[in-house]
Each structure stands twice: as structure tokens, then as C-alpha cells.
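Structure first, commentary second.
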């Protein structure tokens with residue numbers, strides 16, 4: 001079994017943990033590869049371009065926070081990912097630093113559970129070529145630096161859903177419901193729910209609210225504006241600047257992200273501890 005390791009190279013503690021992991025793997029004669037940037041930061045030779053790691057590795061290890069896990073998931077495709085939290089929030093990363101070796105041992109023994117997470121798949125035609133992007137959390141279209149408020153036109157299965165003026169629109173999976181969508185007023189959705197949520201960003205109408213839809217729906221969005229360029233972001237990474245009238249199609253991806261589960265974690269407890277969900281405020285505490 002070969003491990004593909006992706007590290008948040010901007011965190012000293014993540015790099016230190018990666019160095020410790022190398023020693024642990026070598027002592028057990030286990031094969032591993034780092035992505036090129038991580039390998040350079042750690043000064044190790046066992047490396048591969050991250051785009052090729054999926055063909056060489058059986059299991060991925062993400063050392064960082066939720067952002068590192070999201071980044072890793074774009075290249076792991078359907079391979080299992082062990083998420084180790086070396087960040088601040090750690091909402092998606094299943095294991096703490098102290099639990100890392102135990103999690104790897106379970107994978108080696110085959111005694112682990114997988115949490116399948118739905119992805120979004122976005123398509124857009126660019127110069128007669130169809131571009132494809134995926135997102136574990138969300139696909140977001142924003143007004144960017146456009147000085148006026150554009151109109152976002154939305155269709156579901158070729159039927160008009162709405163057209164409203166706003167600063168942007170978020171299409172999120174159940175996994176991504178606790179990310180940008182939540183900050184924009186969207187609902188918390190349990191991860192295994194087969195739904196998406198469409199959340200407006202600062203809409204210009206009080207009647208516009210987030211809407212939860214079945215994840216078998218096909219969503220089409222375009223920006224109605226006389227000019228301008230509008231950022232298309234997938235999991236926080238800008239993929240393209242959309243022109244007015246360019247249609248972005250979003251649907252459920254056939255490829256699931258497979259996260260190695262920490263069976264000691266409970267989603268309700270995570271909401272309380274990570275998001276302080278429903279906690280009573282007690283002055284002085």
C-alpha cells in the first residue's frame with residue numbers, strides 16, 4: 001500500500017508532523033509519496049506532481065485544516081482520504097494529530113469505515129470546449145469587482161426557478177452547508193442528506209431565501225448584466241471569470257469523495273464543539 005501525502009506547507013506544525021510521519025512510515029517499510037510542493041518544503045525525494053498522485057497512491061493523507069482536505073479531495077478522486085487536523089476549525093478533518101497513527105493502522109488492517117461525500121460537478125462551454133470542475137463544498141458565482149448589482153438567473157431541470165439581484169449565488173452540497181452557505185444565511189444540513197442548497201449572497205429582495213433541492217436536479221445559472229466579469233469559484237478556488245450570459249451547469253458528480261471515518265466522532269457533538277451550535281451564552285465564562 002502506498003500513501004499519498006499532502007501538507008499545508010504554510011503551517012510549521014503540519015511540516016513537523018509530516019517529518020515525524022516519514023520516520024514512522026520508513027520504520028514500517030511503507031511506501032509514500034508527497035506532492036511536489038510538500039516534498040520541496042520537507043526536502044524529501046519521494047514526490048510526484050499532485051495531478052499524477054492518484055495513479056500511484058492507494059490512500060491519501062491530508063495534513064492541515066479543512067482547506068487542505070478540500071484541496072486533496074480534488075486529486076484523490078475516489079481514493080480514501082485520511083484527514084488529519086493541523087488547522088484551526090477542523091470541521092471536515094476527521095482525526096486529530098494524536099489519532100493519526102491509529103487511523104493509519106486501521107487502514108493498513110482494513111478495519112476502517114468510509115464516509116462517502118457527494119460532489120458537485122460544474123460544466124461550462126469555453127471556445128467550443130466543455131470545461132469540467134468539481135467541488136466537495138460549493139460552487140459560487142460572485143459579482144466580484146462589478147460596481148453594480150447583477151441579476152442571477154437560475155433554472156432547475158430547464159424550468160425557471162428565479163431571477164434576482166444579489167452579490168452572488170452559492171450552490172452547496174450537504175457537506176458544504178456548514179461553510180460559505182451557512183455564513184450567508186443557509187441551513188445546516190446533515191452530511192448524508194441527498195440534497196443541495198442554493199443560497200443567495202446579500203440579495204436585493206427580502207423575499208429571496210435559500211432553497212433546498214433534491215441532488216438529482218440539474219441547475220443552470222447565468223449572470224444577466226450589460227458587461228463585467230464574474231468569478232466562478234469551486235471550493236474557494238477561482239476557476240474562471242464568467243461573462244454575462246455564459247451558462248454554468250451544475251449537477252451531482254458521479255464520483256464520490258471517500259473520507260476515512262473517525263467512528264469516535266458524532267456529528268451533533270461536532271456542531272456543538274466546532275460551531276458552538278445551540279450553546280447557551282453564560283456571561284463571564
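Backbone N, Cα and C atoms are what each Cβ position is placed from, and that goes for glycine too.
Listed in Swiss-Prot for this protein:
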- 66: active site, proton acceptor (ACT_SITE)
- 66, 67, 137, 138, 148, 165, 167, 178, 179, 180, 181, 182, 183: NAD(+) binding site (BINDING)
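For the binding site of NAD(+), formed by 66, 67, 137, 138, 148, 165, 167, 178, 179, 180, 181, 182, 183 according to the record, the largest Cα to Cα distance is 33 Å, rounded to a whole number.
When the Cα atoms are compared, the residue listed as 'active site, proton acceptor' and residue 183 (NAD(+) binding site) turn out to be 16 Å apart.
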